[in-house]
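Chemist: Sharing a structure with you now.
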Ligand code: NAD
């Protein structure tokens, strides 16, 4: 690992990555490599957890193509020197900010959207002029191998390489010195990464998880709200960091809401056989999820099959905050429904848990929308929608508190891998005496006058 990092550091020190044309060429190469290997990528992810070609394209590859296109288009603007005002105190001078790449970056990916969560930060790192060591999650073994193969065939490892491996390899990597660490995964491992980064004062971006609530008010458009909720919850079999984890519904519409959930789940044909629903990633997660199912509280679904790692889309009712299902992020196809009486009560309940990655509100009321946005702190979210905010590259994506540090996507991704170097540039033809010794009363008076200007 030391060798790889040294090679990347030496390459970074040639300053080749500072050239915008170089960065654009690498991005183009990645785009072509992904396009040419779509079949390999589809087959690998299907083997790992039966992700369909439709889902692989719509939730992984298409977003990466979009990211690359955006970076290629915007890179000159993002990377250019920005002039800023200087002020009378320093007259005559100019001031500007130079975006510079941080250096050798480490990207650690999560398994649930393996291509997207590995390559999207890598695209941002490359656009910003860094070298990249990518450590994808080891859980989907075939996708990790496919990514390693594609990168190896197309890139000089001194610029961009994939290190395969699990916890041990990640910990070994974390002992090394990087200029940036970008981690996507659980809050527990996020803390391990943060501690390791502190040793070298390495800047981090931590994209973590949490329990993202969806609040459904009595005056929402029930049909559309439930349709969007069901889609966002059961997409990827609920293994989505920004999936609505649980629903808080106004008690006056509970029964109508539950009935509509059942109708909508059935109409979206979530079935393993027709590739409309994928597997739970491994037995460990399957067993963890099954423990959350309380037979007394299942309103819909509840069927499980360990051999095929299948859990039917399941709705639980009469849930309270002490239930097992409310003790940790679910990260699977189980939707607990909790009722509330007043919006104040719902907000207090959400705020009793750590700050979530997302929050969703389904309402026609502007007052409630404003109140929720003002009184609940969360990473990002949507009104009358779920998940889709992630697809707008103009919205920085990231968490707050236990759901993460920093953000990315679009220009925010470029910024995550960039240091902004501030420069004051002074000519020598004029050198006012005021700041120099010896200090006199006159100079102090002059100073007071100038500082007030
Ligand atoms: P994880 O934390 O178990 O693993 C993430 C990465 O960390 C993997 O590459 C893994 O090899 C490594 N790792 C695991 N244990 C480690 C250890 N002890 N020391 C060092 N490295 C270790 O997370 P996961 O199971 O892959 O993903 C699920 C979590 O990620 C959920 O909490 C989810 O919400 C979150 N997530 C967040 C985002 C986001 O963008 N914010 C996206 C996807 C997933």
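Count begins at 1; order follows the chain as displayed.
A Cβ is built for glycine as well, from the same backbone N, Cα and C atoms used for every other residue.
Copying in the features that TrEMBL gives for the protein in this structure:
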DOMAIN    3-423  domain 'Aldehyde dehydrogenase'
COILED    20-47  coiled coil
ACT_SITE  207  active site
ACT_SITE  241  active site
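What does the local environment look like for each feature on the list?
Modeler: Across the domain 'Aldehyde dehydrogenase' (3-423), the model assigns an average pLDDT of 97.
All protein chains shown were included, and the count of other CB atoms within 10 Å of the CB of residue 207 (active site) stands at 28.
Around residue 241 (active site), a 10 Å sphere centred on its CB holds 28 further CB atoms from the protein chains shown.
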Chemist: At a C-beta cut-off of under 8 Å, are there same-chain residues at least 6 beyond the coiled coil (20-47) that contact it? List them, or none.
Modeler: 53, 56, 60-61, 64-65, 68-69, 71-72, 75-76, 79, 114-115, 119, 122-123, 126-129, 140, 142-143, 145-146, 149-151, 153-155, 159-160
Chemist: Which whole-number value in Å describes the distance between the Cα atoms of residue 207 (active site) and residue 241 (active site)?
Modeler: 9
